[in-house]
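> Before we start, here is the structure in question, set down as structure tokens.
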Amino acid sequence: MSNEYNWLRQLNLFFVATGFFTRLPTPSWVIADDNELKKSSRYFGLVGLLIGLICALVYWFTQQWLPTSVAVLLAMVAGVLVTGGFHEDGLADTADGFLGGKTFEDKLRIMKDNHLGSYGAIVLALILLLRWQLLVELALFSPWAAITGFIVAHTLSRVLAASLIFSVKYVTDLELEEGKRLSHDQSLNDLFILLASGIFVLFWLNGLAAFVLFISLWALRFCLCKYFRSQIGGYTGDTLDAAQQVSEIMCYLIILAVGLSA
């Protein structure tokens, strides 16, 4: 009975993560309270893998009848539809806050504003354009290269973003609250399971590309931690979204520059 309960609990956590990050339907029996959401971080990478697979499938089918650039764009649209633009919205809010605010309080206040500012619009447009161009270049090399890019980037970017909650403080609009650090409610097992999904997709790449991508993402994670601390003293949900977007671009860049799937 205990093994069955554990299996059902893990399945529940995966569906909680899926429901949080995507607009995909989840079973009605799923329990999605705050505690389950915090524990579901272990499966954020697997949700990224699922999103990457959906984008890859859309690209694979459309590239057989449509030009490469159009097929890539449709795959990107599919990704936005699946997630509801969840991470893109957070990236825009972060850009508005970090670039438009002068003080700690100003940055957080701007980030909480639902209106899109000029900084957010510019950064979002550049990220989307760069993502499209990089994926087109991968697709022109071979369809398999683009498929690999979708799967690897969507998975690893969410692993990196989720890993930040284990080492950076959570920030509210008033002060740093030690008791609200999500990492206090998570264990090393959560981190190991999260990282395992990232290691799994690295096997889609050849040895050199996998090694360089691992080192590059580790360095990016270090820089993001320092940058978030310098800007607002920690992280918010929006900054995690920004981390996901930036690290996704990093994945495409490394795969294109260093090497493609074996």
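From the backbone N, Cα and C atoms, a Cβ is placed for every residue, glycine too.
Note that the structure is a prediction, hence the values are computed from the model and not measured.
Straight out of Swiss-Prot:
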TRANSMEM  11-31  transmembrane segment
TRANSMEM  43-63  transmembrane segment
TRANSMEM  66-86  transmembrane segment
TRANSMEM  121-141  transmembrane segment
TRANSMEM  146-166  transmembrane segment
TRANSMEM  199-219  transmembrane segment
> Residue list, the transmembrane segment (11-31) vs rest of chain: Cβ under 8 Å, 6 or more residues beyond ends.
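That would be 37, 39-44, 46-48, 50-51, 81-84, 86, 158.
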> For the transmembrane segment (199-219), I need the partner stretch with the highest count of C-beta pairs below 8 angstroms, choosing only from 43-63, 66-86, 121-141, 146-166.
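Maximum Cβ contact count belongs to 146-166.
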